[in-house]
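Annotated features in TrEMBL:
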- 1-24: signal peptide (SIGNAL)
- 28-115: domain 'Fibronectin type-III' (DOMAIN)
- 116-202: domain 'Fibronectin type-III' (DOMAIN)
- 203-288: domain 'Fibronectin type-III' (DOMAIN)
- 289-373: domain 'Fibronectin type-III' (DOMAIN)
- 374-459: domain 'Fibronectin type-III' (DOMAIN)
């Protein structure tokens with residue numbers, strides 16, 4: 001009896017379990033049945049099944065042995081995502097309702113498709129596209145297709161087991177769409193990969209080059225090419241390189257070098273890369289300005305201009321312009337030209353090289369000043385037997401004149417800025433070779449000047465004695481060293497004047513009144529002129545310059561003749577005359593002289609005074625100060641401390657006095673376009689302006705001596 005209660009308990013538990021199972025089978029939804037499971041995308045599997053009545057949703061489960069991925073979907077078909085490519089999965093499904101979920105369905109196996117290849121594309125040439133990709137897991141082949149992005153035209157498609165393909169015969173500068181996928185051993189295609197790639201452009205054609213020789217700049221143009229975003233122009237030579245870039249169809253290359261041959265090429269570019277450079281065009285720039293220019297004047301009157309050869313110079317033109325505005329030129333393929341020149345001119349010389357590109361840039365402008373002209377109209381006026389005055393017209397280019405009188409070993413010189421000179425202390429009855437040389441600071445003395453021969457007047461005879469031959473006749477005897485001279489003896493007194501002539505050394509004067517006192521003198525005469533009386537010297541007048549002194553005095557009572565002596569440490573100059581003034585030459589400026597005057601009369605008179613001559617400045621130069629001003633510069637001469645400058649023009653006179661100690665003066669606010677005569681004058685201590693200095697002409701462009 002004891003075992004029955006235990007048996008009853010076991011039966012009751014079994015009955016309850018069966019009841020629970022019956023109740024459960026009535027509330028849970030049915031188990032779905034998978035019709036098919038497949039993969040179209042490498043990271044998902046799609047499942048199709050028959051719908052279960054009462055189910056509100058479904059639970060899809062995919063297992064690969066390592067991971068379990070679940071997804072709830074509303075209805076068939078459903079897709080499980082987040083899977084691995086080319087992987088075999090075990091797929092089940094459960095139905096879900098408000099009462100719960102069903103048991104898992106019978107499993108189905110499905111494999112995800114291959115992953116899409118990762119593409120790298122480029123355009124190595126204008127008509128090709130290169131496609132590369134990495135290996136794809138489980139792939140045994142690949143399919144790649146190319147077509148225009150706009151959908152027009154043909155489609156290129158290739159299958160390969162490699163990991164790269166090149167598509168050729170494409171259109172340059174065109175956008176293409178590339179599509180590629182892999183397939184497995186069963187031929188099932190995987191995911192596809194799509195990208196766009198533009199082919200690179202072709203090289204531009206119809207290259208045109210225009211060269212601007214003045215600006216050393218080239219303008220390059222071309223025909224636009226399909227698909228090009230930008231263009232680059234390159235100019236290359238052995239020594240330099242220039243480039244420019246643009247999105248247009250022309251570009252300018254600046255700062256090109258003269259005398260250079262460039263190769264000009266143009267390339268096009270876009271986002272695919274650059275085209276090959278176009279066929280190079282040759283550009284020859286203008287030649288550089290010739291250098292090492294040398295100028296020679298040999299012989300005088302002929303200028304020879306030479307220069308160095310330059311690269312790319314086909315021929316040369318040398319221009320020579322004188323300071324009076326006249327210009328000549330020479331065209332040659334050599335490196336030398338010859339020109340005729342004139343004395344006293346400054347020539348401005350420039351040389352250009354030419355080729356098919358044009359004229360070279362302006363090089364250095366050279367100037368050459370020829371020797372000053374020689375005085376031609378020299379007028380030698382015999383003043384006395386020991387003095388000659390020389391005068392001539394001013395000549396072009398001369399800043400100073402050097403006069404030399406030579407007779408044997410005797411040389412007398414006179415230097416002056418004025419076109420006149422007085423030669424003093426000459427020997428009487430002597431033939432002198434007199435030459436006037438012109439001088440300029442730049443070129444020195446013109447030693448080609450011709451000489452002139454001048455014979456001084458005869459020496460004064462010396463009366464040795466006067467003898468009385470008869471009641472009214474005297475015989476005058478004299479001594480003289482003259483050759484071929486005729487002598488005239490004059491006896492002058494209160495009762496009249498009586499004369500006799502002779503070519504010898506004695507002469508007889510008759511008919512003299514008795515009881516009278518006479519002054520007897522003798523004068524010699526030749527073709528050269530008359531001598532001074534035996535005790536006088538004739539008067540000579542001339543223009544006073546800085547090398548000539550005119551000494552004058554009041555007439556002394558009973559004085560017959562006067563002797564003037566000009567003396568310094570440098571020497572002595574003497575004048576003997578009957579007049580009340582005397583001209584003494586060959587003095588040096590800036591030196592103190594003692595002037596002694598002696599009156600020859602029964603009672604005689606002597607007076608002494610000091611005199612200092614003023615000097616003209618040397619090296620007068622004119623410099624431009626802007627459009628309306630010039631600076632006048634000079635070198636002060638010895639003995640002269642103060643100067644004044646004057647500009648004379650048609651529009652007025654402009655005077656400038658420099659500050660003490662300065663050797664230049666600035667003249668401003670002068671009207672432009674006028675020609676001015678410029679003179680720098682020394683100012684004496686008395687304030688007198690001495691206007692015998694040489695003049696210069698200023699035209700706003702250049703200056704020259706007057």
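Yeah, the Cβs are placed from backbone N, Cα and C, and that goes for glycine too.
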_the domain 'Fibronectin type-III' (289-373) - residue tally per DSSP class, helix then strand then coil_ = 0 helix, 44 strand, 41 coil
*the domain 'Fibronectin type-III' (374-459) - residue tally per DSSP class, helix then strand then coil*: 0 helix, 47 strand, 39 coil
*Could you give me the DSSP helix, strand and coil counts for the domain 'Fibronectin type-III' (28-115)?*
0 helix, 44 strand, 44 coil
*Quick one: average pLDDT across the domain 'Fibronectin type-III' (28-115), no decimals.*
93
